[in-house]
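> Feature annotation from TrEMBL assigns compositional bias 'Polar residues' to 543-552. Per TrEMBL, the feature compositional bias 'Basic residues' maps to 637-649. Annotated domain 'Ig-like' per TrEMBL: 6-91, 96-194, 205-288, 293-377, 383-470, 475-510, in sequence order. Summarising the annotation, TrEMBL assigns region 'Disordered' to 528-565, 628-649.
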Amino acid sequence: VFEEQPSHTLFPEGSAEEKVTLACRARANPPATYRWKMNGTELKLEPDSRYRLVAGDLVISNPVKAKDSGSFQCVASNSRGTVVSREASLRFGFLQEFSAEERDPVRITEGWGVIPHNLCCQPPFSPPGLSYRWLLNEFPNFIPADGRRFISQTTGNLYIAKTEASDLGNYSCFATSHIDFITKSVFSKFSRLSLTAEDARQFPPSIKARFPADTYALTGQVVTLECFAFGNPVPRIKWRKLDGPQASKWIGSEPLLQIQDVGFEDEGTYECEAENAKGRDTHQGRVIIHAQPEWLTVISDTEADIGSDLRWSCAAAGKPRPAVRWLRNGQPLTSQNRIEVSGGELRFSKLVLEDSGMYQCVAENKHGTVYASAELTVQALAPDFRLKPVKRLIPAARSGKVIIPCQPRAAPKATILWTKGTELLVNSSRVTIMADGTLILQNISKSDEGKYTCFAENFMGKANSTGILSVRDATKITLAPSSADINVGENLTLQCHASHDPTMDLTFTWSLDDFPIDFDRSEGHYRRASAVSPEGAPDRPKSTSTSLSASWCHQRRSMKEKIPPNQKKKKRCSLFFFFFFFLNSSPFQPRGPILSSRCHPGFSKGSVVPAVSGTVARVWSELQGADQGHHEQGVGGHHHSVGHRPRPRVLHHHAGPWKNRERGRSGCGVVWLSGMIAGKWGFCGVLCVFGADEIHGNAGSAWGWVLENSPPEFKEFAGAAAPWSFIMENLLQGSF
């Protein structure tokens, strides 16, 4: 692969180097040797020659235009193959002198314009990139560019829209070349401009400096259009694009329009308009954008088995559309026998070792050429298990399934056979040999124990690899954790027993709602009864307001943590209801649940209670004499009661807003209701019990339903406290 390639070079006149260096360096293993071609013919690099090889670079001493102008290409080779670089031209940029002949004088009627025929530059032959100025009478009195006078940077000609008395004098064209930081200037003989006096009269614009009907440019270049007109008064120049919007990258300066970094969107028809008080004139021309080839898809180094087929493709963009050709080891590649070349595709049938080598895809149009290189290595290998042998000891569970891969390195692909001992294995209801050689045994029994050997063979040779299958008793959980209801502050121990093969080690892991329990980070909340306990039972000294209804243990599986309350979780609905009441230790003992679609699970004693809020659709208060009053939740989890006075048992209705008074620590009680509420608002409900001290503004223990989308009217109730059957019936019917 080339790291450095030769590029187009313009050798300037007067260079102090007196030599030209064309660069070439390739990354190769083993290291590459280098050769050079000039105009397609290999150069003879002899010690006393003007051409010398320095590393991979070509150095030309005392370059001469007649002998050294041309196209150069670097060739890099090693034992793996050969690649060629892009072609690079060497040109010589000498700016010649103007002709020594005297120039004829010019006479113009004052007020009329000066056309190029009168003051024509006629620069000498030179490389592209000359800049032009004009001298008036003497150096360095340069004529300024203004709206009345214009110097074309395409031809060097001087235009004067209307002459004035100050234009009288001697004129000389001044040309400058810029090559590799070397600047050279030359100027022509002077030409005398005389004016004939006449009463000035006005006349309409007439465009004299016109940009071509078709202007070609490559993407990324700068396009410059010139337009200048004679006229009196001096015409104003305007620019427009007729078939699209004006681009923001336009730089307009009256006679010049510059388009920076052109792209295909800049292609189209452009118009310049010259206008004065006497009339207008226009000129149109097209800007056509082309592009050098650019890779869309390239080839890459490939290893392929002998006898196999191979398809390579490469694609390039460009305008005109690039043509694609192929090289093998630097030589043109055409369709023959097993090889088919079709534009950007190269196909091989039944690869042979001789197909190995360096290949290049070449895309070119009239604006440039690009190369993509890759190495093809055709492999012929006897089967070899050294990298991937059959596993030496293969454990399998009784009545289970075992998969034994057979992956020898081989080219071409090896034929695979399996044996158990001396018995040749074939496909059956319990035995499957896959196309890639993998052996699958199902419904394992003790009789399947033994030596299993994979035999691999191709025309290069054969090899085998053996493993021993050992059948073990399957591991089973004999006692799984069971559901339990406990009170706040109590310990809970969950049992987990398993049977297993005595030759195997057993590891217990625990999960809560499919998330791992981290015993190291639980701060003693979860403990294992014993690290080697056969029960595998974690000891929970403290229960929390979260439900442990989904804890279980299994083997060799990570435990899962409970999803945090602020994260969304898929709601699961079932037909099972259970209730779990616990109370904060305080004089006030709340009774009854609050049903809320915003209930936050996971509250534990001593934890910060999240702020919750909603609208109480229906509240019943069963007030005992000692419980009557106003209860508030205070900061830090403390609460107090005010206004205690005896009252008989009543049914109280409250439909106002409720919320936590403060974020604080509280022993909040929680009851889960898992079930689909088949009501008007259709939601999967969560039934939560809060102590009444968590509801600001309600007295006693409160029954309440908090719904996200409550209807504006609710059915009134009166009398004794509604029984559970009545509440659930109305709830399921959508009355709330």
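All positions are counted from 1 along the displayed chain.
Using the three backbone atoms N, Cα and C, a Cβ is placed for every residue, glycine included.
All annotation found in TrEMBL is predicted automatically rather than curated by experts.
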> Under 8 angstroms, Cβ to Cβ: which one of 205-288, 293-377, 383-470, 475-510 has the largest number of such pairs with the domain 'Ig-like' (96-194)?
205-288
> Tally of helix, strand and coil residues over the domain 'Ig-like' (205-288) according to DSSP?
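Split into helix, strand and coil, the domain 'Ig-like' (205-288) gives 3 helix, 52 strand, 29 coil.
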> Could you give the mean pLDDT over the domain 'Ig-like' (475-510), rounded to a whole number?
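It averages 85.
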